Amino acid sequence: MAKVLTLLVLRLLMNLLLIGWISLWIIKPTTIWIQSWRQAEDTARHTFFGYYGLNFAVFSFPPIALSIVGLIYLSLLPQHHHPTRGGRGAAITVSRPAIINSFIGIVSCFEILALLLFLLFLAWNFYARVSNDFKKLMPVKTMNLNLWQLKYYRVATRFGLLAEACLSLLLFPVLRGLSMFRLLNIEFAASVKYHVWFGTGLIFFSLVHGGSTLFIWTITHHIEEEIWKWQRTGRVYVAGLISLVTGLLMWITSLPQIRRKNFEVFYYTHHLYIVFLVAFLFHAGDRHFYWVLPGMFLFGLDKILRIVQSRSESCILSANLFSCKAIELVLPKDPMLNYAPSSFIFLNIPLVSRFQWHPFSIISSSSVDKHSLSIMMKCEGDWTNSVYNKIEEAANCENKINNIIVRVEGPYGPASVDFLRYDNLFLVAGGIGITPFLSILKELASKNRLKSPKRVQLVFAVRTFQDLNMLLPIASIIFNPIYNLNLKLKVFVTQEKKPSNGTTTLQEFLAQSQVQSIHLGTDEDYSRFPIRGPESFRWLATLVLITVLTFLGFLIGLSHFFIPSEHKNHSGVMKLAASGAMKTAKEKVPSWVPDLIIIVSYVIAISVGGFAATILQRRRKHKEAPRMSKEVVIKPEERNFTELKPIPITEEHEIHIGERPKLEEIMSEFEKNLRGWSSVGVLVCGPESVKEAVASMCRQWPQCFGVEDLRRSRMKMNLNFHSLNFNL
């Protein structure tokens with residue numbers, strides 16, 4: 001009872017922090033807030049914390065506090081807890097696809113609502129600022145502008161604030177270990193889309209802001225004078241130009257046409273974000289930067305934690321080479337490491353490339369495989385083909401390689417086993433997109449039947465019969481009735497007319513499939529190189545708190561040292577200020593001094609966080625790991641794919657040759673076999689064409705919006721769409 005009450009209090013606190021931060025953004029452009037905030041800053045200047053401490057506490061700390069409270073909340077939840085299964089009252093769903101477009105992807109109703117609210121906020125912010133500017137137009141001292149030029153110049157300036165709003169949210173969606181999206185059960189693979197949206201908005205508003213400013217400077221013949229100016233106080237224009245150019249370069253190289261063909265160009269160019277953020281700080285000033293700081297702060301700490309984790313080495317224990325040029329890699333893991341189905345890891349193999357990291361879905365279940373973790377990759381690119389060749393060489397070489405060292409980051413995945421909330425599951429996979437469903441089916445096979453979905457329909461589309469070998473890791477689950485999954489599998493082979501081995505059923509084909517199993521690791525490696533995974537949520541919350549206190553301490557300390565303090569001689573200051581003979585302490589020093597203080601404080605704080613993470617990592621590594629052997633990690637009955645014996649089954653799975661799946665017909669057939677009304681989770685993973693086809697089906701399918709609709713209709717189900725695709 002006490003734990004439930006604690007969770008409720010934490011949830012309330014998170015809502016208050018989020019509402020408070022959003023409210024600050026809404027009231028920020030109002031005249032009342034501007035006047036009140038100036039008075040608050042004047043008062044804070046005479047205190048120990050100063051105006052910088054006040055800005056950090058009000059604008060930067062709420063999102064960071066939300067992250068800390070969220071991590072504590074997640075630490076108190078049962079590990080990978082199962083959400084309550086939805087009933088009739090939960091008929092309405094916000095995951096229903098509303099827009100399906102090849103350029104912007106698949107957008108749900110909830111995402112459209114959130115996007116409209118954000119655009120409404122931007123419109124309000126822009127209107128409030130511009131209307132206030134037009135009421136009190138002040139001429140620019142260095143330029144002689146007429147009325148329309150002055151108005152246009154003010155409008156251009158305010159577009160910069162819209163870019164600032166996008167930048168403040170830009171880095172939150174790409175957090176991994178410290179991601180707040182997992183509180184909404186939104187996976188990293190899905191949240192990357194929001195990063196793209198915010199980045200596009202940032203570049204658009206920045207281009208309007210910078211281009212319009214350059215236009216005014218050009219027509220007034222001040223461009224050469226203004227563009228290279230590094231002002232002692234105020235905005236540094238050359239820094240703004242640097243920020244705009246680097247941001248535009250990152251955006252161009254992230255376009256799908258460039259990113260997919262030249263991933264390395266995209267990857268390395270994106271590291272210019274450091275230059276972009278530093279230039280933005282010098283251009284906008286410290287006061288504006290406090291709004292952007294939360295995302296940057298959490299992203300920097302998250303990056304350091306990932307670097308610390310990725311420095312730990314693991315190894316490949318065994319590999320299974322399938323005839324379709326797919327590889328299953330088995331890695332050792334700590335038995336205490338648990339992860340949700342559909343989780344993924346980032347993998348680096350120094351033997352192939354020291355710098356390239358690639359994401360792969362985990363195909364094993366931590367409920368079943370306590371000592372190992374498995375992934376599968378399809379060899380379709382240079383890096384994956386190199387991995388395949390290296391492992392093949394290791395198998396054929398007389399002097400066999402004892403182990404292949406790898407580095408792993410993750411696992412990352414949903415905070416809860418979300419698919420268990422549905423009464424039934426409809427899974428659609430295309431090619432290598434089957435991988436997240438392998439872990440889901442293994443998880444379902446290990447669960448109590450009462451907690452699992454009643455029926456599971458898997459639609460698997462491949463180009464050739466050889467691609468069906470990717471089903472081998474779950475062959476025993478598919479054909480063995482003891483698992484009682486009530487699984488129906490429909491396989492579609494689109495580019496071949498008959499199998500080369502003359503088989504007629506899926507079971508016969510898989511039984512005759514050739515798999516080359518290679519054991520690389522020694523018995524010692526099973527205990528030397530286990531994957532331990534990210535740190536616990538509670539420890540992460542503590543680390544964030546330590547880091548933020550370090551930042552605040554150095555921010556205040558360095559500011560007191562380098563910026564003249566006013567609170568020591570308050571009476572003298574008031575006399576000088578009344579006579580107009582004194583400028584504020586902020587105006588005494590160049591504007592880049594507070595900016596440098598923020599940078600130095602940030603670097604020190606992140607370094608302290610990285611040092612603490614390194615110490616904990618070493619402590620975990622030096623703890624005595626439980627001894628494991630090859631027999632424990634790789635069970636013969638699970639890994640010997642070539643001895644798949646025919647098992648009598650009650651329902652034969654279907655193979656359709658030379659045709660594509662007709663999803664509407666399959667869904668209608670699936671609905672006929674349901675008893676009573678139920679919620680259906682529709683999960684898809686595969687190429688964009690497959691994802692869009694499934695989304696179109698869900699959008700066109702009739703939907704009920706309440707109990708009365710259900711009574712009047714003859715519908716048996718509501719569809720809830722989820723895409724498991726990972727796209728960088």
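Note that Cβ sites are derived from N, Cα and C of the backbone, with glycine treated the same way.
According to Swiss-Prot, the feature heme binding site maps to His195, His209, His270, His283. The FAD binding site feature in Swiss-Prot is assigned to His358, Pro359, Phe360, Ser361. According to Swiss-Prot, the feature NAD(+) binding site maps to Gly410, Pro411, Tyr412, Gly413. Residues or ranges marked as domain 'Ferric oxidoreductase' by Swiss-Prot: 159-281. If you look up Swiss-Prot, you'll see 300-418 marked as domain 'FAD-binding FR-type'. Marked as transit peptide by Swiss-Prot on the basis of sequence analysis: 1-24. Swiss-Prot lists 56-74, 104-127, 194-217, 269-293, 316-336, 537-559, 595-616 with the feature transmembrane segment, giving similarity to another entry as the kind of evidence.
Distance from the CA of Phe360 (FAD binding site) to the CA of Pro411 (NAD(+) binding site) is 10 Å. For the pair His209 (heme binding site) and Gly410 (NAD(+) binding site), the Cα-Cα distance reads 39 Å. When the binding-site residues Phe360, Tyr412 are compared by the number of other C-beta atoms lying within 10 angstroms of their own C-beta, Phe360 comes out lowest. In the transit peptide (1-24), helix, strand and coil residues by DSSP number 23 helix, 0 strand, 1 coil. Residues His195, His209, His270, His283 are listed as the heme binders, and the farthest two of them sit 23 Å apart at their Cα atoms. Ranking the binding-site residues Pro359, Pro411, Gly413 by other CB atoms within 10 A of the CB puts Pro359 at the bottom. The local packing around Ser361 (FAD binding site), expressed as other Cβ atoms within 10 Å of its Cβ over all shown chains, amounts to 26. Separating the Cα atoms of Gly413 (NAD(+) binding site) and Ser361 (FAD binding site) is a whole-number distance of 10 Å. The transmembrane segment (56-74) shares more Cβ pairs under 8 Å with 537-559 than with any other stretch in the list 269-293, 537-559, 595-616. For the transit peptide (1-24), the residues of the chain that approach it from at least six positions outside its boundaries are 58-59, 62-63, 65-66, 69-70, 72-73, 76-77, 183, judged by C-beta separation under 8 angstroms.
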